[in-house]
Amino acid sequence: GDPQGAQCPHTPPALLSPPDSEKTPGYWNEGARRSLELALALQPAARRAKNIILFVGDGMGLPTMSAARIYKGQLAGGSGEETVLAMETFPHMALAKVSGAAPGVALLPLPETPLIPACFQTYTIDRQVPDSAGTGTAYLCGVKANAKTLGLSGAAVYGKCRTSFGNEVDSILHRARLAGKSVGIVTTTRVQHASPGAAYAHSASRSWYADANMPKEALRDGCKDIAYQLVHNTDINVILGGGRMYMTPKRTPDPEYPEDPAQNGTRKDGVDLIAEWLSAKQGARYVWDKKGLDAVEDDSVSHLMGLFEPKDMKYELNRNTSTDPSIVEMTEKAIRILRRNPNGFFLFVEDEIDHGHHSGRAKQALMEAVMLDQAVARAGELTSPSDTLTVVTADHSHVFTFGGNTLRGNSILGLAPKKAKDKRAYTSILYGNGPGYSIRDGARPAASLPAAEDKDYRQQAAVPLESETHSGEDVVVLAQGPMAHLFHGVQEQHYIAHAMAYAACIEPYATEPGCGAARRASHGTQCSLQPLLTLLALCVAAHMVGG
């Protein structure tokens, strides 16, 4: 259903007691038996992948996933705890480490090796708790790097332009394009942001969105801004997200907000990167609103750029459904265009759960997670696990938690059943730090309903900060499709890029055993028709001669 304005219902009394069926051992025994049978029937899909879709929930740690699961169920009218996210139906799982040592990487488990959950560490070379630039470089480029740098090895120094030269590392998206696949980026942030930026840019600073955001020294030394690199570094077929202002010359009015100078273009070099991109791509199309996106015929364009806000796109709960597309709609459009390539495609999809957490607004973050899951479900309907490897993960987690001995069916945005030691009510969801810290008249203000369920309510935090921070625990990786079993055990985050590249015979694994057959298979339908077409042409010619 339409999540716009969705309100998590106050705790229904009927949901405080579990269903009678759950009170019998048989209910649980039968459920466990079904799960066991599925596990016993699970076999590794050792064939190669034609397509890869990587979904990244920016900031979607395990607590966020668990809370989003409950929220999804409660939006549908249930108690929530028993709900299953679409991504949770994937048969293979791993955890990515955000902190720890860096052991060697072994890509393929031996056939007799048991498949075990994998854990992925997200730390960067210089930080125990990472940022989205360093993690993006890891899971897209396959190497650990320094925080705040994009597409560069650990030899590059943040903010130092000259250290980037010679230390560039290419993403799997870039390598997939060189291999003949179509590639795309979908994000609810600006397309020049840290996570999508790691797919195509090499920058000593994640903040160099346009030349106006760069120091004079970096420009003088020859570094290019991220928006420039978006257009020039990689031939990306589909680009959907926000970030219009970084693409056009200074003082260029925004098409959606022409009367607001704060939304104008920012480029100092006078270059219109959108116009430049359009002129360089035959069959290219640019749109800036939902109407324009809906009007694009899937088979009429080879390249599509859609920039729907000057900076980041709006939260789902704030989105104007008539002017701005959802992540689900953008994902569907991207897949429909990219899948026309007989060689397959690579698609990166990101939802900015992160910004909701940074602002201390849990409801905004959870709705973004629910929408990401809807995009995962829609992608599953448009593709097949027989040839498409789909991976869902997060770049890092947040200092977000929920607890308080809440009863079954309690609103995930609601209150704990008992008051705290200060005799004041508190919400189940809390943050370790952030803007939700508040002291009034020498005490913590009591939480109350329905205020705590408002989309802009800030849950209380233990430590006062302007912006809530990331956390350093491991993040989950879920996978289905060809070679999904490679996601196993406790792994470093950069392993994700390697496993995906191996699965699809992308460099540096293009010559691995089985890759030649995979390439022939991707052309199979097209090649098998050629003899029939030749025979048909000969028959027609013979008929005309004899006619």
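Every residue gets a Cβ built from N, Cα and C, even glycine.
Bear in mind that the values here come from a model prediction, so they are computed numbers and not experimental data.
Annotated in TrEMBL:
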REGION    1-24  region 'Disordered'
BINDING   D58, H193, S195, E350  Mg(2+) binding site
BINDING   D58, D354, H358, D395, H396, H470  Zn(2+) binding site
ACT_SITE  S132  active site, phosphoserine intermediate
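Relative to H396 (Zn(2+) binding site), the recorded positions with Cα atoms inside 10 Å are D58, S132, the candidates having been D58, S132, H193.
Among the binding-site residues S195, E350, D354, H358, H470, the residue whose Cα lies closest in space to that of the residue listed as 'active site, phosphoserine intermediate' is S195.
Separation of the C-alpha atoms of D58 (Mg(2+) binding site) and D354 (Zn(2+) binding site): 5 Å, rounded to the nearest whole number. When Cβ atoms from all protein chains are considered, those within 10 Å of H358 (Zn(2+) binding site) total 21, not counting its own. Fewest Cβ neighbours within 10 Å among the binding-site residues H193, H396, H470: that distinction goes to H470.
Between the alpha carbons (Cα) of H358 (Zn(2+) binding site) and E350 (Mg(2+) binding site) lies a span of roughly 17 Å. On the backbone, the CA of H470 (Zn(2+) binding site) and the CA of S195 (Mg(2+) binding site) stand 15 Å apart. Apart from D58, D354, H358, D395, H396, H470, the Zn(2+) site neighbourhood in this chain, defined by C-beta within 8 angstroms of the site C-beta centre, holds G59, D131, S132, I353, H357, A394, S397, H398.
Taking the C-alpha positions, the distance from S195 (Mg(2+) binding site) to D354 (Zn(2+) binding site) comes to 11 Å. Counted over every protein chain shown, other Cβ atoms within 10 Å are most numerous around D395 among the binding-site residues D58, E350, D395.
Remark: D354 (Zn(2+) binding site) has D58, G59, S132, A365, H398 as non-local neighbours, by Cβ distance under 8 Å and separation of at least 6 in sequence.
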